[in-house]
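Participant: Please see the structure below; I have some questions.
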Amino acid sequence: MELSGATMARGLAVLLVLFLHIKNLPAQAADTCPEVKVVGLEGSDKLTILRGCPGLPGAPGPKGEAGVIGERGERGLPGAPGKAGPVGPKGDRGEKGMRGEKGDAGQSQSCATGPRNCKDLLDRGYFLSGWHTIYLPDCRPLTVLCDMDTDGGGWTVFQRRMDGSVDFYRDWAAYKQGFGSQLGEFWLGNDNIHALTAQGSSELRVDLVDFEGNHQFAKYKSFKVADEAEKYKLVLGAFVGGSAGNSLTGHNNNFFSTKDQDNDVSSSNCAEKFQGAWWYADCHASNLNGLYLMGPHESYANGINWSAAKGYKYSYKVSEMKVRPA
């Protein structure tokens, strides 16, 4: 069927309107977007409707009800520890527990393996002079002064005079036990000296210093002191040498005497007469436990005397007697 000219003209008009509408859409979108309709076509033409732009959003609706609580999730990793809080108050003291059973007595490990003298300490690497603990043959611990510097070291000092701070004119009991101060003058005690020298052989060294600072010494090959039952008898070996000379050999095999126990061979009490305590014979050639008389003195033989060096009227400033295993 042929289309009439009028129909074709109307179709072209519709297309032209659509073209112009589409071309103007960007500009209209910037301002408004009115609804576009094409209606009223005559005859057999179909009705064509063009949809306009969306309208403005409406007002938000009311808030809905909360949903059902979901399942609990898995536990997360622990967080970093926080700062420590302030220290709380001290708690009450608890009740005292029950006393344990007494253990079996055993030998001290220190006694079994500990040092026996200062030479033993030196051999173990103790090179500093000073006070150390050693163990006597009966396992008694004893604190002694070790001379690690003189003549190769390893000397156990049992007598020291240095400043007159300690009274050496004492009785038998005091010399038996020992007396004095670690910081100054002392006598180690006849029981301890006996224990130190009873086992094996020990050499003796005597060191003397006068008030002019001159040093002298004397050495003996062996030295032992017997026990109290033998009145601490001196058993002395040969004089080896030394700048002080020999002032002790004459006391060999003599008993120890004090002002209250006269064991010498003199008709008088030498300890009382010369105000000391020593292995007096018919009195002495040395008196290192005599009075501290500050060098030259007018009195006779009652100072810290070593007659072979300075006679009987000079009292030494420093005296040390020491032993070492031979």
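Cβ atoms here come from the backbone N, Cα and C positions, even for glycine.
For reference, Swiss-Prot lists these features for the protein:
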| type | residues | note |
| --- | --- | --- |
| COMPBIAS | 77-89 | compositional bias 'Low complexity' |
| COMPBIAS | 90-104 | compositional bias 'Basic and acidic residues' |
| DISULFID | Cys111-Cys139 | disulfide bond |
| DISULFID | Cys118-Cys146 | disulfide bond |
| DISULFID | Cys270-Cys283 | disulfide bond |
| CARBOHYD | Asn305 | N-linked glycosylation site |
| REGION | 72-111 | region 'Disordered' |
| REGION | 115-154 | region 'A domain' |
| SIGNAL | 1-29 | signal peptide |
| SITE | Tyr300 | site 'Mediates specificity for sialic acids' |
| SITE | Tyr312 | site 'Mediates specificity for sialic acids' |
Participant: Which number gives the other C-beta atoms within 10 angstroms of the C-beta of Cys118 (disulfide bond), all protein chains shown included?
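Facilitator: Summing over all protein chains shown, Cys118 (disulfide bond) has 27 other Cβ atoms within 10 Å.
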Participant: Under a three-state reading of DSSP, tell me whether Cys283 (disulfide bond) is helix, strand or coil.
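Facilitator: DSSP assigns Cys283 (disulfide bond) to strand.
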Participant: Any same-chain residues 6+ apart from Cys283 (disulfide bond) with CB under 8 Å of its CB? Would you list them in sequence order, or say none?
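Facilitator: Cys283 (disulfide bond) has long-range Cβ partners Asp264, Ser266, Ser268, Cys270, Lys273, Phe274, Ala301.
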Participant: At a 10 Å cut-off from the C-beta of Cys111 (disulfide bond), count the other C-beta atoms across all protein chains.
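Facilitator: There are 15 of them.
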Participant: When you scan the chain for residues with a C-beta under 8 Å from the region 'A domain' (115-154), skipping those not six or more beyond its ends, what do you find?
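Facilitator: For the region 'A domain' (115-154), the nonlocal Cβ contacts are 107-108, 160, 182, 186, 188, 192, 195-196, 198-199, 205, 207, 219, 320, 322-325.
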Participant: Near Tyr300 (site 'Mediates specificity for sialic acids') in space, meaning Cα within 10 angstroms, which of the recorded positions do we find among Cys111, Cys139, Cys146, Tyr312?
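Facilitator: Checking each Cα against Tyr300 (site 'Mediates specificity for sialic acids'), the hits are Tyr312.
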Participant: What subset of the recorded positions Cys111, Cys118, Cys139, Cys146, Asn305 lies within 10 angstroms of Tyr312 (site 'Mediates specificity for sialic acids') at the C-alpha level?
Facilitator: Asn305
Participant: Given the disulfide-bonded residues Cys111, Cys118, Cys139, Cys146, state which is nearest to Asn305 (N-linked glycosylation site) when distance is taken between Cα atoms.
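Facilitator: Minimum Cα distance from Asn305 (N-linked glycosylation site) across Cys111, Cys118, Cys139, Cys146 lands on Cys146.
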Participant: Between the disulfide-bonded residues Cys139, Cys146, Cys270, where is the Cβ count within 10 Å the lowest?
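Facilitator: With the disulfide-bonded residues Cys139, Cys146, Cys270, fewest surrounding Cβ atoms within 10 Å: Cys139.
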Participant: In the structure shown, which of the recorded sites Tyr300, Tyr312 has the fewest other Cβ atoms within 10 Å?
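Facilitator: Comparing Cβ neighbour counts within 10 Å for the recorded sites Tyr300, Tyr312 gives Tyr300.
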Participant: Please report the distance from the Cα of Cys111 (disulfide bond) to the Cα of Cys118 (disulfide bond), rounded to the nearest angstrom.
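Facilitator: Cα-Cα distance, Cys111 (disulfide bond) to Cys118 (disulfide bond): 15 Å.
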Participant: I'd like the per-state residue tally for the compositional bias 'Low complexity' (77-89) from DSSP, helix first, then strand, then coil.
Facilitator: 0 helix, 0 strand, 13 coil
Participant: Helix, strand or coil at Tyr312 (site 'Mediates specificity for sialic acids'), per DSSP?
Facilitator: coil
